[in-house]
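Worksheet: the structure to be examined is printed underneath.
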Amino acid sequence: MTLKTVHSVAELRAVVAGWRARGLRVALVPTMGALHAGHISLTDHVRNHADRVIVSIFVNPTQFGPNEDFGAYPRTLPDDQKMLDAAGVELCFAPSVEEMYPDGFATRVSVDGSFTNVLCGASRPGHFDGVAQIVTKLLLQALPDCAIFGQKDYQQLMVIRRFTTDLNIPVEIIGAPILREDDGLAMSSRNRYLTPEERAIAPTLDRVLGEITKAAARGAEIAPLLAKGREDILNAGFKSIDYLEIRDADTLERVEDRVRKSSRVFVAAHLGKARLIDNHAIDPINITG
Ligand code: PAF
């Protein structure tokens with residue numbers, strides 16, 4: 001089966017209705033395009049949960065702040081289509097901004113509280129409202145059985161689980177592991193912004209998170225670990241750090257002194273034109289006896 005691309009909600013619904021009539025299970029992989037191996041790992045992963053895979057490609061203006069990279073965000077539809085075809089994806093949904101936000105559009109989806117006012121929610125005000133708005137629309141347009149999101153955007157995954165539960169959207173949300181380059185850099189469409197010199201510096205994030213994770217899992221005090229991590233990131237050549245924090249993996253509450261339960265260390269930092277994010281899981285090692 002070769003990849004089919006549709007641009008309207010009506011065409012998307014017609015294809016999905018045909019699959020549903022045949023009793024097939026449908027998966028949605030929401031993306032903003034500029035696809036890389038990390039996205040393809042999501043389509044491969046979700047294959048185990050569905051008979052047909054849809055990848056949506058839409059650079060969503062409402063999740064970008066006024067001084068962010070909406071205009072510069074890479075748009076590479078022909079290359080993306082080739083990758084999806086090679087990966088055996090059945091349907092690409094690539095709507096225009098007018099299709100998603102026609103004249104008169106006036107509805108917001110907003111998630112309050114601890115998932116959205118910390119980390120990227122603090123440094124990118126309004127970002128998660130934009131994500132919640134577009135993901136709600138995509139889910140209601142495609143009505144998939146399941147949808148998959150990468151854990152690089154761990155906070156986004158938590159926000160999406162929250163509003164799909166709160167709004168009773170009948171979909172299974174699946175989280176997938178972070179795919180990394182050989183040197184540890186988490187795969188991201190924004191890695192394309194890096195010059196060769198910056199690209200060589202970028203894996204510092206993964207290295208620093210790895211060191212923090214190892215020590216924190218053994219019960220080390222957190223504050224000095226984070227202070228050293230910040231110093232290492234800035235010394236490596238990053239311009240600034242939005243956050244480097246350890247938070248509870250379920251609630252995203254800040255862990256203050258030592259890690260005692262399943263947590264994650266999160267970072268967002270600026271390197272050249274790119275704002276890079278990453279995170280590692282910290283599972284405390286119980287040292288007994
Ligand atoms: O993670 C992304 O690429 C985007 O935030 C998403 C989920 C596709 C919504 O635009």
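We number each residue from 1, going along the chain as drawn.
A Cβ is built for glycine as well, from the same backbone N, Cα and C atoms used for every other residue.
Residue environment of His39 (active site, proton donor) contains 25 other Cβ atoms, counted within 10 Å of its Cβ in all protein chains. What TrEMBL records for His39 is active site, proton donor.
The local packing around Gln151 (ATP binding site), expressed as other Cβ atoms within 10 Å of its Cβ over all shown chains, amounts to 18. Taken from TrEMBL, the feature ATP binding site applies to 32-39, 150-153, Leu179, 187-190.
Per TrEMBL, beta-alanine binding site is recorded for Gln63. A sphere of 10 angstroms centred on the C-beta of Gln63 (beta-alanine binding site) encloses 21 other C-beta atoms.
Here TrEMBL flags Gln63, Gln156 as (R)-pantoate binding site.
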Are any of the binding-site residues Leu35, Gly38, Gln151, Leu179, Ser189 near ligand 1, with a Cβ under 6 Å from it, and if so which?
-> none
C-alpha spacing of Gln63 (beta-alanine binding site) relative to Ser189 (ATP binding site), in angstrom = 16
Cα-nearest neighbour of Gln63 (beta-alanine binding site) within the listed binding-site residues, Met32, Leu35, Gly38 = Met32
If you draw a 10 Å sphere on the Cβ of Ser189 (ATP binding site), how many other Cβ atoms land inside?
-> 18
